[in-house]
């Protein structure tokens with residue numbers, strides 16, 4: 001007996017109410033991926049379409065002078081030529097940390113100069129002008145052009161983050177420039193540069209808007225740099241180190257580490273102390289560092305220390321008929337023997353041991369050193385340094401002194417540059433030690 005067919009399965013029944021088949025899971029996934037791909041395609045080509053449309057519009061504007069004349073606001077104005085511009089005398093010393101004083105490469109406050117726009121020669125105005133310092137995004141100028149409009153400049157000014165202190169503090173506003181020169185006193189960053197896209201800042205300076213009515217003065221700006229958090233400053237090495245830097249600022253000497261403690265126990269607290277002992281007795285300094293410092297580490301440390309500038313101060317220390325002149329890290333600059341001036345290379349061999357002994361004394365008796373304004377001038381140094389009289393075999397060469405010569409006059413002709421030297425002393429030779 002055949003089973004009855006349900007009425008809803010009758011194909012001849014009008015107004016078919018049969019249930020539609022649901023799509024498979026794979027079909028749903030495939031359609032979803034296709035929709036997503038089309039959306040991604042639109043997102044990818046949208047900038048290209050915008051660029052093409054913009055270029056076509058600009059091309060149409062350029063080919064339609066009548067339209068441009070009626071729409072002056074659409075014109076692109078070139079920046080006005082600058083008759084004057086501001087510059088930084090020296091760039092800031094980097095790296096820069098938050099809360100640290102900003103100085104130039106010579107360790108001096110930043111200085112701003114006014115120069116001619118084309119020649120770069122120093123300029124000045126009869127009346128003082130007001131300038132201010134700003135922070136710019138490191139990406140400015142975006143096209144690498146060294147000239148820009150005020151609108152372009154203002155667009156890249158960086159302000160502090162919400163709830164933060166002003167980004168740049170100190171002498172930043174209403175700075176007076178007189179005679180084309182302005183010196184910036186205290187200046188420091190309060191925030192690092194990691195929160196902007198370029199991760200770099202520039203320091204810029206411009207004339208205070210509204211305070212000056214004259215030819216355009218182009219703004220100055222530094223090269224871009226990174227501003228780091230001050231916590232990194234606590235252990236940072238200095239390049240080059242300064243004389244008064246703590247000794248752990250040198251390479252391979254860690255703060256409060258073993259080498260730092262050893263040096264402190266021997267009263268070597270700063271870079272100047274380190275260099276003094278290095279120049280006077282390097283073997284003693286090497287012994288202090290101990291076997292824990294390898295020869296390679298030692299070379300790195302002393303090479304870093306030697307990049308320190310000793311400064312311009314000169315000190316003297318005297319013995320019997322001999323005076324040594326030393327710089328601030330006890331490098332021998334020159335020597336006077338019986339009133340005659342020698343460099344280290346010209347120093348007679350017979351006197352070298354005594355000179356080195358005087359340098360040792362100067363290190364041990366630092367309170368007895370006298371600071372001098374300049375090294376004495378000696379016009380006859382070449383005569384003595386080039387005069388060598390060979391003695392008998394087994395004896396040292398003899399170097400006559402100033403007292404052994406008598407200088408003849410120049411005569412009536414003041415233009416004459418010749419003179420006579422007559423030896424009046426006696427020969428004296430000493431055996432080799």
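Using N, Cα and C of the backbone, Cβ positions are placed for all residues, glycine too.
TrEMBL has this to say about the protein:
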type   : residues : note
DOMAIN : 84-230   : domain 'Calmodulin binding protein-like N-terminal'
DOMAIN : 243-308  : domain 'Calmodulin binding protein central'
DOMAIN : 313-372  : domain 'Calmodulin binding protein C-terminal'
REGION : 1-21     : region 'Disordered'
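Secondary structure by DSSP for the domain 'Calmodulin binding protein-like N-terminal' (84-230): 7 helix, 53 strand, 87 coil. As a whole-number mean, the pLDDT of the domain 'Calmodulin binding protein-like N-terminal' (84-230) in this prediction is 91. In the domain 'Calmodulin binding protein central' (243-308), helix, strand and coil residues by DSSP number 40 helix, 2 strand, 24 coil.
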